[in-house]
Amino acid sequence: MTMVREMIRSAYGTALSAPGAPSVHMPLLVASLTGASVASAEAPPRVGIWRRVAFGIGLVGLFAFVFERNIAFSALRSRLSTVPRYDDVVYLLDAVRRLTFDMPGGFGSFADGILANPPHAPASTLTAMLGFTLFGHEVQSAYLANGWILALFIAALAVMSRPLVSLPARFLLVAILLFVPISHVMITEFRPDMAAGLVFALALIAIAATDLLTSSRWRRIGVAALCVAATIVKPSGVILVIPGIGIAVAMTALVQARATGVPFVRVLRGALLPAATYVVLLAPFAIVWGQPTARYIYQALVGNKDIWRTDGGFLFHALYHSFDQGGRAALKPFNWIAIPVIAADLFLLSRAGPSRERQIAHALYLTLVVLYIAMATSAEKTPFQGSFFYCPFVLVLAGAMARVGAVARQIWPSRNVTLALAALALVLLATRPIVTTFSGLPASASELRSLLTRTADEIAKFGATQSPGSICSGRNPRLLTTNPEPFPPEAILLELALRGINVDYSTSPLARTASEVDALVGNADLVLIPDPAMPGRTDFLPGTAFEADLLARLSRDPVWTGRVMGAVGGAPLWLFERTACLPGATPF
């Protein structure tokens, strides 16, 4: 028993200060993220250059395999197999519009567009712009560019695996954790949530691994910069990210105060410099994104909270991000694997005695617990929102698995541990998919491309008939859509923008009264309405209750001409065109 205890200490505790210490991955991760010196973190035994090159090539191979499989899956059975849909299409449209209508005027025009109309998620817009620039103006191009998120995730896993020392074991650990579904949706879903969750996870690890009493000024400034990055990837996530950063700082200070005997307030003073840096660096972004972000959060949490609230009792909400819908979709089977691994890690940390590694791990575990409780109390639940928990959870789990594996390598032959990891990888390969999506396809998915093309053709024709110099020329046509099905209005505008045609739009599904809908119709040149009998039509949004009456009125109104664009399940999709310009309106 004494021998086992010493082995535990050598992997978890006192060996941290000795050459060849295996459990220094968190300080090294922070150093790699912030540019700080790693001189204070002892490295594992030196490995031959060619073995390290082989390890790097292996990681690239893992990336290529998972990336290709998920792109192929998406093209066959997910997002890329039909017309762009929510919420992906919002970011795709934003990127194409800025490339097509802002960039030709130069960088100044592009910057003016950002200031006048900030993108909802700048990282997603810029990623899509990069994809369209590199790979062509096709929807798939944006998803190809989205690969940077998976690449960053794999790099983070590789660093977190350092305690295992053995490169084959580290490679297998990374491969195992690529079966976690959240890594697949980094490719199959073009949403900012996964990127935001991943950068947020790196920020939490950086905070926990920073010694608030002794770390250098530049290291703390670097951590603050990383926290700013976590905040601006998806500005509307600020309501979770800023409290999460505060929780991580508080838990880190608490753990370090308890470990060193220094008063909590004194330890917390070490966070003043990074806090001030965070505020200063964030200020320009707050000026640009502050108001639109506040409006978005207000409508989601206050104005339309009845729409976006997720039904379910206390137990459903309490377990959603772990063992219920969200946890199963994003983490299975690692939500269950984590239980024995984390229990073993906590036990081994307790037996190893005081160490920086224990402080870091405890700070991260406490942060995750508080973060989970906070997210469980939210009335709105989606697996996308859950990325702010899933990504930190997976990286913390990777560290725990690596530490437990490091102890196992000292108790049993190293080869046995590598074989055990290989066996687990094979079991997962045989039983778990390497592809995942959070979004199902509508039954009419195969019909929608041609229907979208016909609708876009008709709208383009409508705009083209307004000859230069006529009362209706000189401005963009205005499209009103009354339902997000059979495809969202952004999909139509994306199709038109790819042709170089700009159309303004508004939507009525969130309207609460008939007068609100009428006001929107009165300011529109075109109105797209699905027949009330259309299968898959959205009917839970308040404005959709007025569709049948609006369809009947426009059909009788001589100011409007109705055209059938096609049908879904035998139910027509109507496009109504105004036959005369709006009285007193700005001309087209």
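Numbering starts at 1 and runs along the chain as it is shown here.
Here the Cβ of each residue, glycine as well, is placed from N, Cα and C on the backbone.
TrEMBL lists 49-67, 142-161, 167-187, 194-215, 235-255, 267-289, 362-379, 385-405, 417-435 with the feature transmembrane segment.
Here the transmembrane segment (142-161) sits apart from the transmembrane segment (417-435); fewer than 3 CB pairs are under 8 Å, leaving out pairs fewer than 6 apart in sequence. In this chain, the transmembrane segment (417-435) lies out of contact with the transmembrane segment (362-379); the count of Cβ pairs under 8 Å, excluding pairs fewer than 6 apart in sequence, is fewer than 3. Taking pairs at least six residues apart, the transmembrane segment (267-289) and the transmembrane segment (194-215) share three or more Cβ pairs below 8 Å and count as touching. Between the transmembrane segment (167-187) and the transmembrane segment (385-405), three or more CB pairs separated by 6 or more residues in sequence fall under 8 Å, so the two stretches touch. The list of residues near the transmembrane segment (49-67) in space but at least 6 beyond its ends in sequence, with Cβ under 8 angstroms from a Cβ of it, reads 147, 150-151, 154-155, 158, 167, 170-171, 174-175, 178, 183-184, 187, 434.
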